[in-house]
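Notes follow the structure.
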Amino acid sequence: MAGLKSFLASSWLLPVACGASQSIVPSTSATAAYSQFTIPASADVGANLVANIDDPQAVNAQSVCPGYKASDVKHSSQGFTASLELAGDPCNVYGTDVDSLTLTVEYQAKDRLNIQIVPTYFDASNASWYILSEELVPRPKASQNASVPQSDFVVSWSNEPSFNFKVIRKATGDVLFNTKGSTLVYENQFIEFVTLLPEEYNLYGLGERMNQLRLLENANLTLYAADIADPIDDNIYGHHAFYLDTRYYKVGGQNKSHTIVKSSEAEPSQEYVSYSHGVFLRNAHGQEILLRDQKLIWRTLGGSVDLTFYSGPTQAEVTKQYQLSTVGLPAMQQYNTLGFHQCRWGYNNWSEFEDVLANFERFEIPLEYLWADIDYMHGYRNFDNDQHRFSYEEGEKFLNKLHAGGRRWVPIVDGALYIPNPENASDAYETYDRGAKDDVFIKNPDGSLYIGAVWPGYTVYPDWHHPKASDFWANELVTWWNKLHYDGVWYDMAEVSSFCVGSCGTGNLSMNPAHPPFALPGEPGNVVYDYPEGFNITNATEAASASAGAASQSAAASSTTTSAPYLRTTPTPGVRNVDHPPYVINHVQPGHDLSVHAISPNSTHSDGVQEYDVHSLYGHQGINATYHGLLKVWENKRPFIIARSTFSGSGKWAGHWGGDNFSKWGSMFFSISQALQFSLFGIPMFGVDTCGFNGNTDEELCNRWMQLSAFFPFYRNHNVLSAIPQEPYRWASVIDATKAAMNIRYAILPYFYTLFHLAHTTGSTVMRALAWEFPNDPSLAAVGTQFLVGPSVMVIPVLEPQVDTVQGVFPGVGHGEVWYDWYSQTAVDAKPGVNTTISAPLGHIPVFVRGGSILPMQEVALTTRDARKTPWSLLASLSSNGTASGQLYLDDGESVYPEDTLSVDFLASRSTLRASARGTWKEANPLANVTVLGVTEKPSSVTLNGETLSSDSVKYNATSHVLHVGGLQKHTADGAWAKDWVLKW
């Protein structure tokens, strides 16, 4: 949940149709706000800046800066170093030019290359301007046996007309990164380098943002963590300076020569191959990446050039190389986290949670976790329950009941902490007192406390650079858990957000607790009237009423505004202006001011580092502190954290949700590309606020979205205060649709869990783009409307209203690939390179199983605990040559270091299916049945370990070519995988 100012100011990509709202009365914490001091709206208004890319007066650094000349080149077995000296008079265009730089080219491993350019001279006073601490973001290390000859890369360089370099793939001679024809600009507040790209390039990543899967040419990509309700094509919560570049080649001639091709010109009959590589810039400063015709322009507000290249040559290999060497492998999630999660802003007391739980049970909808938004807090304060509505005594009773039923509860924890009113002796807050005693809060440049504003009023911020901050945070988590046995942490608002510019609480603490500088949803002037696109067609009367209400509210809120003149900052040699840097990135907040809705760039950490240099790391460091704090709550239990603000490497501690989206078809559409982005970034535990957060949802959108999200790793429904309720049991059709999709999700939970184990141990992905799984088909390069779960399950959702069919592609069908419909279990009749029209009436989501796959499955239950107690089954989908394979991983589902594990390999060929297990985890549930798809002839007999099975247990459908073998429990009474077995037909 984000600052509502961003929601109120936002506009949507698609046309909005309004409808009537059913208001929920805000919680007592919200209604009490009417008697509070309200922070003025003007407090969150910053300077009016013009983004450089939109500024007609902006100077093009490439045209005025001299670049550098390389000299004093020294070679070693692992690369070379050189001195780079300014090649002319300083341009000082957006800062002060650095005269002397040091270049280091290090061939770190066969598949990895690092190029670093840093100032030759710096000291403790300015090191953080350029050097990102390895304690914050580790640098990849060279392998012991790394050398130039064994590398997949070659680096060449030239001084004509100024220093430039190329990174070349040895295998193909393709130039992957090429700064020729451009100038390196390196200043204390501005770095720019340019690389050439092929025509119609295929780039993915560079987030966080909501956009198409494949990045668009002419896109302006800003990286700077921001608290903002999900806009399109703007920077939002996270910072991931990593991209995947895929290039397709036509293979032809006797020597199989490779010619690069555009994906739009691919022909189904032609043979292609692809090569992918990855590029990561280890830099935490604000950034802007401009994609232009056949080039990429990379600009930063400081730091250094610290580029790592990954040779791939497939997407899967690039992602593994990035994670294994650089950012770390994803956290292994608890098994239960793969169940369904229900949340909303507006559950006002424990009784409402009781009602929600009862309704899920009444309608027999699986439910694993209930989530609490800021409603549970005493005055919106972290680690402190409202004792009237969420008392610890009642909470203990409710959580005991919840836990006994195999379910769990997760509360939200925000990035800021309330600071008590010094003139009110009863305004006590022990968390603040303990933090103040250890002096662990961020300061102003003069050493005074930096005091911003968030939900509770005026607030302070943990300083993650302080040596005692993480222990302080861990102690608060432990102390709170001893009062209330929560089951994870939802870490929010850590971009880090503030509802005012500067240290606005300084001198104003007597006003605390203060109301935010905007109306909360449901308060006068902010009634939620918004509905999804198309609502006016299906609900005309209600839509007309809501439209009138929205118009009246808008008219009442209208006022005459004046625009402040644009502020332009002129660089002063030797001096940094961190509040208004001379180069203005296209930051999403009003006026592009870095101080708006965030703590100021000049706020200062205990080690002297200014927020300007590490802003986008705040959430990442808070996740780290939360992860290790939870390990003190539960010593050997995997911490469960879902966080909003992330950085490269956050996935080793937490999952992520897509933030404050909208109840719009557009938000649902972009949720797929959001999820696939985070697959690349090494954060596979990803989901979105299903049915939408901001605004009111409707039955059709929620029906489709509950089905789509059933195939995302993190599956949660969540919406905003005072919007209509949207739990899946609110509409009969949504109940049916939800249960239909959950029947599939819960059946394949063992497959999901196995995928997470593989991600955790190898760096593989859970959700996959078609182009990544089928790398030799250029026509798939931009497909972002369907996706794969692992290698075996493909989902083709409906993403628009009022339709009952959907268009989808079936990769590989022209090269022997077979796809089976999940529901009919028959092979799909599809042609290569063209869309297939698929029936998809409301309540049905098309799902397909890839030939060659074996899926281990269990039965559906209302909790994952109970689902894990059910018999096993296997779904074997034969390839065109009659083979299939799969695997299964099991453990206790929660231990950081499980003592007992089990791995099972499945292999089918020549009418034989084998299961081979290894490990010490005891799985007592028997095998109930095996279903084999694509069996072209009725078998004369079926045997298990040589024993002929009775004809009653064997069924064959000659039309669908499905073989079903049941009644296997008695043959596997000791457990489905207690011993190896062979099934023949």
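Even glycines carry a Cβ here, placed using N, Cα and C.
A strand conformation is recorded for Asp492 (active site, nucleophile) in the three-state DSSP classification. Taking the Cβ of Asp492 (active site, nucleophile) as centre and 10 Å as the limit, one finds 26 other Cβ atoms among all the protein chains shown. Among the features that Swiss-Prot reports, active site, nucleophile is placed at Asp492, with the record citing sequence analysis.
Applying an 8 A CB threshold to same-chain residues 6+ apart, the list for Glu495 (active site) reads Ala225, Ala226, Asp227, Tyr237, Gly415, Ala598, Ser616, Tyr618, Gly619, Arg644, Ser645. For Glu495, the entry in Swiss-Prot reads active site.
Summarising the annotation, Swiss-Prot assigns active site, proton donor to Asp660.
The C-beta environment of Asn126 (N-linked glycosylation site), restricted to residues of the same chain at least 6 apart in sequence and closer than 8 Å, consists of Asn188. Annotation source Swiss-Prot lists N-linked glycosylation site at Asn126 (among others), citing sequence analysis.
The annotation N-linked glycosylation site is assigned in Swiss-Prot to Asn145 (among others). Long-range Cβ contacts of Asn145 (N-linked glycosylation site) within its own chain (separation 6+, distance under 8 Å) are none.
Under the heading N-linked glycosylation site, Swiss-Prot lists Asn220 (among others), citing sequence analysis as support. Under the three-state DSSP scheme, Asn220 (N-linked glycosylation site) falls in the strand class.
The N-linked glycosylation site annotation in Swiss-Prot covers Asn255 (among others) and is backed by sequence analysis.
According to Swiss-Prot, the N-linked glycosylation site annotation covers Asn349 (among others), on the basis of sequence analysis. Around the Cβ of Asn349 (N-linked glycosylation site), a 10 Å sphere holds 18 further Cβ atoms from the protein chains shown. For the recorded site, Asn349 (N-linked glycosylation site), the DSSP three-state label reads coil.
In the three-state DSSP scheme, Asn424 (N-linked glycosylation site) is classed as coil. Summarising the environment of Asn424 (N-linked glycosylation site), the number of other Cβ atoms within 10 Å of its Cβ, over all protein chains shown, is 12. Summarising the annotation, Swiss-Prot assigns N-linked glycosylation site to Asn424 (among others) and lists sequence analysis as the type of evidence.
The N-linked glycosylation site annotation in Swiss-Prot covers Asn536 (among others) and rests on sequence analysis. Within 10 Å of the C-beta atom of Asn536 (N-linked glycosylation site) sit 20 other C-beta atoms, taking all shown protein chains into account.
Residues or ranges marked as N-linked glycosylation site in Swiss-Prot (evidence: sequence analysis): Asn602 (among others). Shown in sequence order, Asn444, Pro445, Val578, Asp579, Gln610, Glu611, Tyr612 are the residues of the chain, 6+ apart in sequence, with a C-beta less than 8 angstroms from the C-beta of Asn602 (N-linked glycosylation site).
The feature N-linked glycosylation site is assigned by Swiss-Prot to Asn624 (among others). Taken residue by residue with DSSP, Asn624 (N-linked glycosylation site) is part of a helix. The C-beta environment of Asn624 (N-linked glycosylation site), restricted to residues of the same chain at least 6 apart in sequence and closer than 8 Å, consists of Trp464, Ser470, Trp653.
Residues near Asn661 (N-linked glycosylation site) in space but far in sequence (CB under 8 A, at least 6 apart, same chain), listed by position: Met210, Ala229, Asp230, Ser667, Ser671, Val688, Asp689, Gly692, Phe693, Asn694. What Swiss-Prot lists as N-linked glycosylation site is Asn661 (among others).
The annotation N-linked glycosylation site is assigned in Swiss-Prot to Asn835 (among others). Look at Asn835 (N-linked glycosylation site): DSSP puts it in coil. Counting Cβ atoms from all protein chains shown, Asn835 (N-linked glycosylation site) has 12 others lying within 10 Å of its own Cβ.
Look at Swiss-Prot and you will find Asn929 (among others) tagged as N-linked glycosylation site. Mapped onto three states, the DSSP output places Asn929 (N-linked glycosylation site) in strand. For Asn929 (N-linked glycosylation site), the number of other Cβ atoms no farther than 10 Å from its own Cβ, over all displayed protein chains, is 18.
According to Swiss-Prot, the signal peptide annotation covers 1-25, on the basis of similarity to another entry.
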The recorded positions listed are Asn349, Asp660, Asn929; by CA-CA distance, the one closest to Asp492 (active site, nucleophile) is Asp660
Given the recorded positions Asn220, Asn424, Asn536, Asp660, state which is nearest to Asn929 (N-linked glycosylation site) when distance is taken between Cα atoms. Asp660
Around the Cβ of Asn220 (N-linked glycosylation site), how many other Cβ atoms lie within 10 Å? Please give the count over every shown protein chain. 19
Tally every other Cβ atom lying within 10 Å of the Cβ atom of Asp660 (active site, proton donor). 27
Going by C-alpha distance, which of the glycosylation sites Asn424, Asn536, Asn835 is nearest to Asn220 (N-linked glycosylation site)? Asn835
